[in-house]
């Protein structure tokens, strides 16, 4: 039985804001790819219905933590629909590698890993599609992590189409600041009218992120980081930031640049993968 479950990072290889709904949600087109790097969750089934997070995050109550919320959401769904009467409790701990507020999808990935893992461990029998639909209540990015394949997303991020971008190597760097998503989406200067284009057109265009100009304007550290990385390779913001990634054809090239990074830059090198490590471990392609 698997105890340790990967919770991978994601990159937005491009991100375009195409409009805004009356309820305030932004419409977008984005290309998600996973990284072979992320957090690790250790999950053990309890013989009661208690959900215990053994590694709480300072300043974040359990009822707001996406790990706990995901476990309780699945628990309530299974109870409501009478799915398996086996004990459905869990003890969960996390080895955290991904920065908060970095644009790497850490919280959404954690929630998705909990849904996928506990669905297996509790023998709930839900399909990935059902789990993805359930996970949407936790965040717009959760479904792509649940489904586990690189994807082109539209709408508010919930309409997913499988995609297979090149699996390049990336230097992912954090400027030392966290950027709350509302800071970017609430900025009056954010471009919200990028034309909607079909995927085949977007894949042939130069990739960009409509959130990047706002992040660079409002956070001097992001501006400095992007400017430094652009000296070495094509680089851009992921999500709403604050992490920036530079793309390379080889791991060696990426590590050479990381080794030259100033002390204020914290980063790692990882490979882009189109099948999530979470799903590869479930299918036995990689060892737990």
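Cβ coordinates are placed from backbone N, Cα and C, and glycine is handled just like the others.
A C-beta separation below 8 Å, combined with a sequence spacing of at least six in one chain, links residue 10 (active site) to 32, 33, 34, 35, 104, 105, 109, 141, 144, 145, 238. Annotation note: residue 10 (active site) sits in a strand segment as assigned by DSSP. The feature active site is assigned by Swiss-Prot to 10 (among others), with sequence analysis given as support.
In this structure, residue 141 (active site) belongs to neither helix nor strand by DSSP; it is coil. What Swiss-Prot lists as active site is 141 (among others), and the listing cites sequence analysis.
Note on residue 105 (ATP binding site): other Cβ atoms within 10 Å of its Cβ, all shown chains, come to 28. Annotated ATP binding site per Swiss-Prot: 99, 100, 101, 102, 103, 104, 105, 106, 107, 108, 109, in sequence order.
Taking Cβ-Cβ distances under 8 Å and a sequence gap of 6 or more within the same chain, the neighbours of residue 107 (ATP binding site) are 66, 100, 139.
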